[in-house]
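Trainee: Please find one structure pasted underneath; my questions will follow.
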There are 2 protein chains.
Amino acid sequence: MYKINENYLKLPGSYLFSTIGKKVAEFTAANPDKKIIRLGIGDVTLPLAPVVVDRLHTAVDEMGVKDTFKGYAPDLGYDFLREAIALHDFKARGVDISIDEIFISDGAKSDSGNIGDIFDVDNKIAVCDPVYPVYVDTNVMAGRTGEYNADLGKWSKVIYMPCTAENNFAPELPKETPDIIYLCFPNNPTGSTIKKAELQKWVDYALKSGAVIIYDAAYEAYITEDDVPHSIYECDGAKACAIEIRSFSKNAGFTGTRLGFTVVPKELKSGDIMLNSLWARRHGTKFNGAPYIIQAAGSAIYTEEGKKQTKDMVAYYMQNAKIIREGLTDAGYLVSGGVNAPYIWLKTPDKMTSWEFFDYLLNEVNIVGTPGSGFGPSGEGYFRLTAFGTYENTLEAMDRIKKL
Amino acid sequence: MYKINENYLKLPGSYLFSTIGKKVAEFTAANPDKKIIRLGIGDVTLPLAPVVVDRLHTAVDEMGVKDTFKGYAPDLGYDFLREAIALHDFKARGVDISIDEIFISDGAKSDSGNIGDIFDVDNKIAVCDPVYPVYVDTNVMAGRTGEYNADLGKWSKVIYMPCTAENNFAPELPKETPDIIYLCFPNNPTGSTIKKAELQKWVDYALKSGAVIIYDAAYEAYITEDDVPHSIYECDGAKACAIEIRSFSKNAGFTGTRLGFTVVPKELKSGDIMLNSLWARRHGTKFNGAPYIIQAAGSAIYTEEGKKQTKDMVAYYMQNAKIIREGLTDAGYLVSGGVNAPYIWLKTPDKMTSWEFFDYLLNEVNIVGTPGSGFGPSGEGYFRLTAFGTYENTLEAMDRIKKL
């Protein structure tokens, strides 16, 4: 008799966005005349850049002609894309990453979930709290997290690193030594970043303690400040302790187009074993390459025109972020994020819980955001708004909030 | 100190295609005037069908305009594609599959590797021998296969079901009861199929023994005979014991475009637990949907024009298969496959090993095929040729072989 993976049964339901959907639907049914503004989504709304659209069209034409048709892609990605990444994402920042350290994939979510495959079940993970749920949930599925305490909202074998106003939303080095450390900067959901000197401390800590860092840099394109690192490899020694995950979703609007990559440096070794080889084997055995047309489209964002067009998209969202950040500050809220990230993280007023504030905002000014408690226990009392709405709606939302 | 997944270190190197490449390169260097014909590849060579190209273009245009831009796809796939699949792949064959039993993915390789995630490590798998290496390798990575015996070419905890000329390349019910049974019909590499009554025996066996069948039907479009099932769900009771994996790679030439799907019926339960829910959770947590433009393109093959165009592509390859099958038979070879599959499986003459025959064919007539022993120990003494070359090359290859 076959046996299922019982770890899946330990997962609590993921009710965050379904509960939001339900509450919004109920409100709309009761108040059909109210115009709801949604600032809860983490998905982009601007269309693909013209260079991307053009390259998609030419790539599609290539696929329709025998001489230029492409079958199976190279397992690890086309060289033309990996070369563009090595040059523009790394060499341009003084970081030397070779193309066989770059693995093209269908996105950062897949990679951040699948990367666990190359590690033993017996590893203790550390995560920021609040955190992108995929890091924890995929480790639950793998059997690394122990038991769930519903009252605390915590797993027994996970090391939580609280990120709250008290520490300026920057995690502190954990007291208990983890084996695998998940870091995400600029951060989802808090929008926080840390400076290069701070990130260097994490690299030094990982090297000293024998931990590996899974560094999620999906939002690096939103960094506006000079001393905030775009890649963990800007830190000395990071190639010997860190894997970096990148995405085309937020810098180029590929959330529905799917493209990402993961860097596994050859210096990253467990004894004699290169993690690069393990990930290459995983990639070659359980994945069959990202579509040619989409890899071609991805390479278009590294052209001069592509850089300009995607920079303009990011600037549009960051203008919204500024409006939200300043609007909330003017209205008396305690606000962080929104400077190097499309997320604005606010402290709920009057000691409201995250869900109380959700209801308050929905009922009073018809704005939908995301309760911070949905991202982890230390998110309680916080709330996330995103810059991915339209400029007009973002302005109107702030007007409504100011009148509260 | 973090620990890697040691199961990866048990994997023997995958030398099959690299050794072929090396031998061909050496031959070419020594014989620059010889024209090599490659009939070893499992990749398609015809360009995408015009309906697919057209739909890709319109979908790309949609992605370039704000009002029709698509962000994150639904985790499990767009309804328009799942509805087309339910209607044309199943209902048209008298099989009732609902759209929430269909999970769109980036291909059959990913799915057949990832499906193991929802099962416990402690399950015993059974595979055909010879077999598509992904089934075994992904179970090695998961720690299900015990130790490798290099002399036998077998894993200690895997149940091998030999498929040889003696049993007409159809596996027999195993003596030892497995928990998870991998079946692939039409088969890669042997090109064999089994009739519906035979597949029904497997379903009955799985139901009786409490096993689950992972049924890989990636080549169903190549079936030409009436009593060969296109889906395992044509068998009574299969919904309670089988998962079916499908692909757009071989029926529509999507090897470099990436699209597939897996059917997990709601009737398939372990106790009270629906495997459908487990796979949905896996899909939603470790995958972010197939690209919109590619799902749109996939739906185009279900239009009347799309059906005709993809049928013509399959017919082109099957004409090649016929040429190879008849050519080899005329030349005195023992041949199977090529009737319901693009693969032709031949017995090497004069008791040559698979690799000896590879060298013989390369050196004497400059044809490249795939040694059967690369697919498992029972593939020794066999050889795979594929129908994915051009018509002209296929004809010439048979002329050369006949003159041997």
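Just so it is clear, glycine is given a Cβ too, placed from its N, Cα and C backbone atoms.
In TrEMBL, annotation is done automatically, which means it is predicted and not curated.
Values in this document were obtained by computation on a predicted structure and should not be read as measured data.
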Trainee: So TrEMBL lists B:Tyr72, B:Ala108, B:Lys109, B:Tyr132, B:Asn188, B:Tyr219, B:Ser247, B:Phe248, B:Ser249, B:Arg258 for pyridoxal 5'-phosphate; which of B:Asn7, B:Asn31, B:Asn288, B:Asn320 goes with them?
Mentor: B:Asn288
Trainee: If one measures from the C-alpha of B:Tyr15 (substrate binding site) to the C-alpha of B:Ser249 (pyridoxal 5'-phosphate binding site), what distance in angstrom results, rounded to a whole number?
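Mentor: Distance between the two Cα atoms comes out at 24 Å.
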Trainee: With 8 Å as the upper Cβ-Cβ limit, not reached, which of the recorded positions B:Tyr72, B:Lys250, B:Asn288 neighbour chain A?
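Mentor: Cβ contacts with chain A under 8 Å: B:Tyr72, B:Asn288.
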Trainee: Restricting to the recorded positions B:Tyr72, B:Ser247, B:Ser249, B:Lys250, which ones have a CA within 10 Å of the CA of B:Asn288 (substrate binding site)?
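Mentor: B:Tyr72, listed in sequence order.
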Trainee: B:Lys109 (substrate binding site) to B:Ser247 (pyridoxal 5'-phosphate binding site): how many Å between their Cα atoms?
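Mentor: About 9 Å separates the two Cα atoms.
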Trainee: Using Cβ atoms only, which residues of the same chain lie under 8 Å from B:Tyr132 (substrate binding site) while being at least 6 residues apart in sequence?
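Mentor: Expected: B:Ser112, B:Cys184, B:Asn188, B:Pro189, B:Asp216, B:Phe375.
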Trainee: If you measure from the C-alpha of B:Gly42 (substrate binding site), which of the recorded positions B:Tyr72, B:Ser247, B:Lys250 fall inside 10 Å?
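Mentor: Neighbours among recorded positions, in sequence order: B:Lys250.
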Trainee: Return the residues near B:Ser247 (pyridoxal 5'-phosphate binding site), defined as same-chain residues 6+ apart in sequence whose C-beta is under 8 angstroms from its C-beta, sorted by sequence, else 'none'.
Mentor: B:Gly107, B:Ala108, B:Ala218, B:Phe254, B:Leu259, B:Gly260
Trainee: According to DSSP, does B:Asn188 (substrate binding site) sit in a helix, a strand, or coil?
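Mentor: For B:Asn188 (substrate binding site) - judged by DSSP and reduced to three states - the answer is coil.
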